[in-house]
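Reading through the structure tokens given below for one structure.
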């Protein structure tokens, strides 16, 4: 396949450029209208009306618009309709239209069922989530917290349209262009925010910071010497994508220059994020790439990735500190805190959460305490008790909220998905790197879930849904962009 195919179809396609501009434009307008509730409500209302009309014109286009909001809209709260995010409203609207269109107009239910064991388990999981929702309310949990914890599971409804529409070549092309725009946009946004804070153009607790914190759900941390961590929820999705790119690069594909460019952008974003959870996922996933790959080729890609990461880390720290440091002290501090949690606030807080987490698991081990559960801990920095829904321990949070029974159902979905990927690797040897890349990305989510809600985070669920929809199909998808090796 010629080198120009990928660049013309994805990188230099006008649709990709439009998506990148949309990524930027959404954030500009969100910042400008963040305090104008009426204007935001009007925008959301008009968007929903147009979305409904678009669905009846072409359900595929409506689905792509929904995907576009997910990949380009960050946390999903850039625009809200009196407290309800535009993303959630679009998802509800699409689900209702999908149901009404296929039952009342087409008079068929065949697009509500997928003959696969994973789909059956997801139906069981939906009942568990439904029960845990009311269990949380019955237990006196704050309704807002209960709803917030329920929303990520709702994104499993993406599975039906993905399964029935992803085989369409146009949908595949548009999805991949959206992913490219997501990578480029995320990198540009992280660099822009880093420069804004590092240069002093904006400050923590300033108007721009508050918009980032409460609308984008960002975490901005001053690490000293001009380095500011920029953590955004959508960065969860970058690690599986990076591992897929690395897997494809190991096979020396002809369009490797384009993949290298995207990989560097992801590494840049990850360095600025400086999250131990993301780095752990990337590290563990990298070793999974050894499966069915040439060891020498794997070593070359790993050395390249480490070299680029080192250059980016040193360059960013040297520039931000105006030549005072290369960032080695910062890196040492982040690593040592894993061994000695008392050296850093975030790791110390994570350990302080464990006693109450265990107490809540013991209270209701089988069915959990319901969604929206809170744990309390004593913050030695502020010298007071603090209640939080951020448990920081993914698997324990599953046990606290949906219990052993619910966690067993979800982990059964995970196991069948892993087996499905291994089956694809075995039976589609000509596309093994594509499926090994998905496998490594999936395993990275499993490890990231140790200290984060990766498996029940919106973007984690989104990636899982993509994998499930692919392995459910008996044939290989995306042949146009991932040709046989």
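Glycine residues also receive a Cβ, built from the backbone N, Cα and C atoms like all the rest.
Annotations in TrEMBL come from automatic prediction, not curation.
These numbers come from a predicted model, not from an experiment.
The transmembrane segment annotation in TrEMBL covers 16-32, 38-56, 63-82, 88-106, 118-138, 150-166, 178-210, 258-291, 297-318, 398-423, 429-447, 454-475 (among others). What TrEMBL lists as domain 'O-antigen ligase-related' is 261-411.
Tertiary neighbourhood of the transmembrane segment (38-56): same-chain residues 62, 65-66, 79-82, 84, 86, 89-90, 93-94, 97, 101, selected by CB-CB distance under 8 Å and a gap of 6+ residues from either end. Only sequence-distant pairs (6 or more apart) were considered; of these, at least three Cβ pairs between the transmembrane segment (258-291) and the transmembrane segment (429-447) are under 8 A, so the stretches are in contact.
Counting Cβ pairs under 8 Å to the transmembrane segment (16-32), the top-ranked stretch among 63-82, 88-106, 150-166, 178-210, 429-447 is 178-210.
For the transmembrane segment (118-138), the most Cβ-contacting stretch among 178-210, 297-318, 398-423, 429-447 is 398-423 (pairs under 8 Å). Taking residue pairs at least 6 apart in sequence, the transmembrane segment (454-475) and the transmembrane segment (398-423) share three or more C-beta contacts under 8 angstroms. Beyond the ends of the transmembrane segment (88-106), by six or more residues, the same chain brings 44, 47-48, 51-52, 55-56, 59, 62-63, 65-66, 69, 76, 81, 112, 151, 154-155, 157, 160-161 to within a C-beta distance below 8 angstroms of the stretch. Between the transmembrane segment (178-210) and the transmembrane segment (454-475) there are fewer than 3 Cβ pairs closer than 8 Å, counting only residues 6 or more apart in sequence, so the two stretches are not in contact.
Highest Cβ pair count under 8 Å relative to the transmembrane segment (150-166), across stretches 63-82, 429-447, 454-475: 454-475.
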